[in-house]
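Feature list (source: TrEMBL):
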DOMAIN    35-317  domain 'ABC transmembrane type-1'
TRANSMEM  35-59  transmembrane segment
TRANSMEM  71-91  transmembrane segment
TRANSMEM  144-166  transmembrane segment
TRANSMEM  172-192  transmembrane segment
TRANSMEM  254-280  transmembrane segment
REGION    337-375  region 'Disordered'
COMPBIAS  338-356  compositional bias 'Low complexity'
DOMAIN    376-613  domain 'ABC transporter'
REGION    612-633  region 'Disordered'
COMPBIAS  614-633  compositional bias 'Basic and acidic residues'
Amino acid sequence: MTETPEAPSPPERRSAVRSLLRLWPYVRPVRRTMIAGAAVTVVASCASLVIPLALKWIVDGPVAGKDPSGVWLGGALVLVLGVVEASLFALRRFLVARPLAQVEADMRADLYGHLQRLPVSFHDRWPSGQLLSRGTTDLMLLRIFLAFPLTFMLVNGVTILVGFVVLLVQQWMLGLVLLAPVVPLVILCTYFEERYSRAARTAQDQSGDLATVVEESVLGIRIIKGFGRHRGQERAFDALSGRLRGTELRKAHLLGMLWAVIMSLPELAIGAALVLGVLQVADGDLSAGTLVAFLSTALALRWPVESFGFLIAIANESATAADRYFEVMDVPVPADRTTTSASASTSATSATSATTVGGKSGAVPSPRPAGEGGGLRLEGVGFRYPDAPADAPPVLHGVDLHIRPGETMALVGTTGSGKTTLTALIPRLHEATSGRITLDGEDIAVMPRERLRELVSVAFEDPTLFSASVGENVLMGAGAGREADLARALEVAQAGFVHALPEGTRTQVGEQGLSLSGGQRQRLALARAVVGDPRFLILDDPLSALDVHTEALVEAALREVLAGTTALVVAHRPSTVLLADRVALLSGGRVTAVGTHHELLRTSREYASLMAGDEDRSAAADRTYARHEGGRR
Ligand SMILES: Nc1ncnc2c1ncn2[C@@H]1O[C@H](COP(=O)(O)OP(=O)(O)OP(=O)(O)O)[C@@H](O)[C@H]1O
């Protein structure tokens, strides 16, 4: 728990410009507003360059001619120019704020949609904090970049260009003195840019890791407190936070050096131009007004030049943010891309022809194809986790199993034998690496995901509830307009406790349903699985947290539901196995025996051992096995 989560290693660094150019599809719809905003800013910036020219006119004209009314006129002109400049900057902000908030929202929606479609194996590999930071901090950085540095790099570039033309026209020699630092500035900026961009990437990844640790600490607070692990967790947090602080300091150091270079070289040039200019005025080669205008223009260009350090830094961080965003967006969604379905981990919706759970209350059962092609069939199915070591054997290989239409099959096997993995292949939470799985003869690999979600419903041992009401959590498993089934589903799952909650089925159960007990959450997850009267029901040990009495009640109600549904139920306890018509034993990655509970007790020592219970398991298994062997003879 105290280990630092690791983000998947970043790909080769591309140039900042190429990274930022990838934002174009999102910026395209708002390009006109952006161009208008930039044009307004260029005009505002150029207005600021006219002010020195007005000053030159004041100094060489009214001041030299001792004309007070001219000075007032000049002052009024400078004031108007200042007001125009400020108003245009405000107009720019007004123009771009809304469209850029939309760009950020669109990118976030795309990221969220993509995360929902990516397979479970992707989510197994990626720390959640990394995804969280990409969807929040990185997107915020990109919005800031589009709103500010992107425009100002352009505007300041144009301003500097226009400013230098004005300077060269006024006094070409002094203009060249000011231009002298450009080449060393470009070289030094490139040097710092490369280092800064590496530090920015490291800092953004580290802040994602930190978010993961915080999230784990909050979600796992019971374990942390229960095992007194808060010191260990604090150490992990401190270590990560210390590393992030170090990286941020490195960034600040680099930025400081960049600023120092960008500020000092132009200042030196302005100083040199001032000395030369004063000498020229003294020699009578230059008017005092021209020198004032020249120096005012040079000083007006100070901020556009100096701001480049800051703009380069934000642009680099934004390029890194774009890289991190597209790293996730570039992960392909496997196989059919027709899906728009929501999280694979939620329960699925129902077959559309039935209206109630368990075929009661006038429900019309869905037509269920019979015969060899019907039901749920696995043919030579194999599976290996993508991140498993190359030399590790596959979790499943050559699994053959046929569950007849309307039949309930229990799946048993030792812990770690691959039961959960096998159940995850049917709703395609993981893709089988070999073989095929058919539902009523239809291959799930070529089935649109929406259809698969309609056919198959799932409930897992570890039930996830969302920050929503009890009713909304359960009805996630049903199509629209299935509210009428809620009461029946709650009844099947023996979830009557919800009526005692403060607001009944409208009670909010909070993040992860933490306000409910494990058994209560399991029952709601079970209700979600059965609410839509699915044609195929996959239950991964859904009753493990229930007491024996409640389990018996749930089983009795489930038997009604399962009577009309083809079901695969992972079972650890004989009581759950007894729900099933037949049992499949998973061993060594394949199904080694199929039969009724009693048949398998007679014919399989491994099965008898599994069913014998925890106490003195092998001795009991031997007794059971011997008793049946004796009975047969
Ligand atoms: N995401 C994963 N990546 C790599 N290996 C995994 C992953 N999930 C499970 N495994 C491995 O696959 C094997 C089968 O795990 P699975 O959870 O399917 O077993 P199980 O039979 O359901 O166990 P249990 O009865 O304890 O729930 C185990 O060896 C496990 O370590």
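Any Cβ shown, glycine's included, is placed from N, Cα and C.
Just so it is clear, the model here is predicted, and its values are computed rather than measured.
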Mean predicted confidence [pLDDT] for the domain 'ABC transporter' (376-613): 84
Sequence-remote partners of the transmembrane segment (254-280) [C-beta within less than 8 Å, at least six residues beyond its ends]: 171, 173-174, 177-181, 184-185, 188-189, 192, 195-196, 199, 286, 291, 294-295, 298-299, 301-302, 305-306, 308-310, 312-313
Chain residues in Cβ proximity to the transmembrane segment (35-59) (below 8 Å; excluding those fewer than six residues from its ends, i.e. six or more beyond): 70-71, 74-75, 77-78, 81-82, 84-86, 88-89, 91-92, 95-96, 151-152, 154-156, 158-159, 162-163, 166, 288-290, 292-294, 296-297, 300, 304
Outside the transmembrane segment (172-192), six or more residues from its ends: residues with CB under 8 Å to it: 164, 254, 257-258, 261-262, 265-266, 268-270, 272-273, 276-277, 280, 294, 298, 308-309, 312
